[in-house]
Amino acid sequence: MVLTYGVTQILCIDTLHFQSPHNLEQWMAQPSGKINVWQGASLLLSTLLGSGLLIIPALAASAAGNYSLLAWALIIAAMMPIVVTFSALGKRFPHQAGTAYYVQQAFGQRAAKAIGVLYVSIAPIGPPVVFITGAGYACQLFDINLSASSYIEITLLVLVFIANCLRFTTSAFIQCSISVVLISVVVAICLWSLPNAPAITDNRAPSLSMIGAAMVIMFWCFVGIEAICHVANHFAQPSRDFPRAVVLGVAIAAAIYMLLSYCVLRYQVYGSAQQNLLSVTLLAQHSIGPLGQKLVALMGLLGCLCAVNLYVISFTNMLASFGENTSQTWLNTRLANGSAIYALILVVLSIAMTLLARAYFQWSFDDFLQFANAQFVLIYCAAAAAGSMLLKGRSRMAALFSLLFCTAMLYFVGASGWYCLLFLGLVWGGLFLCHKKERARSFKADSRFS
């Protein structure tokens, strides 16, 4: 998860993804001019190939069939202007609050606070996506019926809670190693399986809505793509090396995603909820047998645990920081080892309530992903809108294209997009009323002393 955040009066947090924030911090800590093209490309690659590698190709295939390959090509091309936009904003307005700060510069403090609240609202939605994925791989690894996955999800959540209470964190090296092994295994499985793969039988007629729905699903893979923009000035020759690193990183990620998607289509390991969740392990079983299935399940489970542990750490730190800047100081209460215990309990309880509600109401995995995507699309819309106001020349054109693209994605995301817009509107209205109340209080105080 890449997490870049700052604190305004209401915490304004920048974008997050299921990758290690320590990877970015390590690159940022290097002296300017120490990052080469391959290192920059590897940073971007680690951002793009997160938990999405395990689930998104099958979900996209379910949405668009053969034309999911076309959707991959379209969204990869469309994400390039977004990278240009974030890069230009990062160079002109360097600030750790990222998108919230850009929105503040373009539209004012109230808009920035509304975006900050929208970021915070992702906390109960984002982690369950990874817990559900991890539980599915745990069921595959230990031969547990998938109907018991809800119990596994809560068990994993308890483990993460204990790990955070004990301040246990995985090193960037361990997480990077898990990612490298998982990607290598997935690529090897794909290459091994292709010669014997059956022909594609999905012959659905293409439609704009079908391809749009697939692109919305794929958007999950690219959340966090702006991470590379924060280290643009650390390249030896930024004007030359930065674009090369972006093109190289995106090209490698695109090749891996399209290769896996093609294999998923050939072996037809998609369609049902179970197949979509476990498509890569099913593909491994088809190609190299039970051993490959267990290996992918193990690496997938470890990757999900590392990712969600960092997710919980990040949101716990957000709430603890909020306690430092408001009257809610109890949020920053810490154990002897430094754990912000009350903030941690709130984060874990919000995740637990979401997981339990999903089990009770039988919400689908797709519902979670769509809602999380809608929130991120809306945040990217805000960043692009800010860019269209703040930037000039080609960067402004890239921002305008990004705004149009993200608006189209917001349309294709369906009802989830409307819910997010309604939520943002309510937050905006609440902030407006609070501002009016504060002004009235200040006016009354001034009148008393005059």
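The backbone N, Cα and C atoms fix where each Cβ goes, glycine too.
Lifted from TrEMBL, the feature list:
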type	residues	note
TRANSMEM	43-63	transmembrane segment
TRANSMEM	69-90	transmembrane segment
TRANSMEM	111-138	transmembrane segment
TRANSMEM	144-166	transmembrane segment
TRANSMEM	173-195	transmembrane segment
TRANSMEM	207-233	transmembrane segment
TRANSMEM	245-269	transmembrane segment
TRANSMEM	295-320	transmembrane segment
TRANSMEM	341-361	transmembrane segment
TRANSMEM	373-391	transmembrane segment
TRANSMEM	403-433	transmembrane segment
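When Cβ distances are compared across the two stretches, the transmembrane segment (173-195) makes no contact with the transmembrane segment (144-166), since fewer than 3 pairs at least 6 residues apart fall below 8 angstroms. In this chain, the transmembrane segment (111-138) lies apart from the transmembrane segment (245-269): fewer than three C-beta pairs between them fall below 8 angstroms, excluding pairs fewer than 6 positions apart. The largest share of C-beta pairs under 8 angstroms with the transmembrane segment (295-320) comes from 43-63, of the ranges 43-63, 69-90, 403-433.
Highest Cβ contact count with the transmembrane segment (403-433) among the listed stretches 43-63, 69-90, 245-269 falls to 69-90 (criterion: pairs under 8 Å). Comparison of 144-166, 245-269, 341-361, 373-391 by number of C-beta pairs under 8 angstroms to the transmembrane segment (43-63) places 245-269 first. Within the chain carrying the transmembrane segment (144-166), a Cβ under 8 angstroms from the stretch's Cβ atoms is held by residues 128, 131-132, 134-136, 138, 274, 277-278, 305, 308-309, 312-313, 316, 335, 337, 339, 341, 344, 348, 351-352, 355-356, 358-359, all 6 or more beyond its ends.
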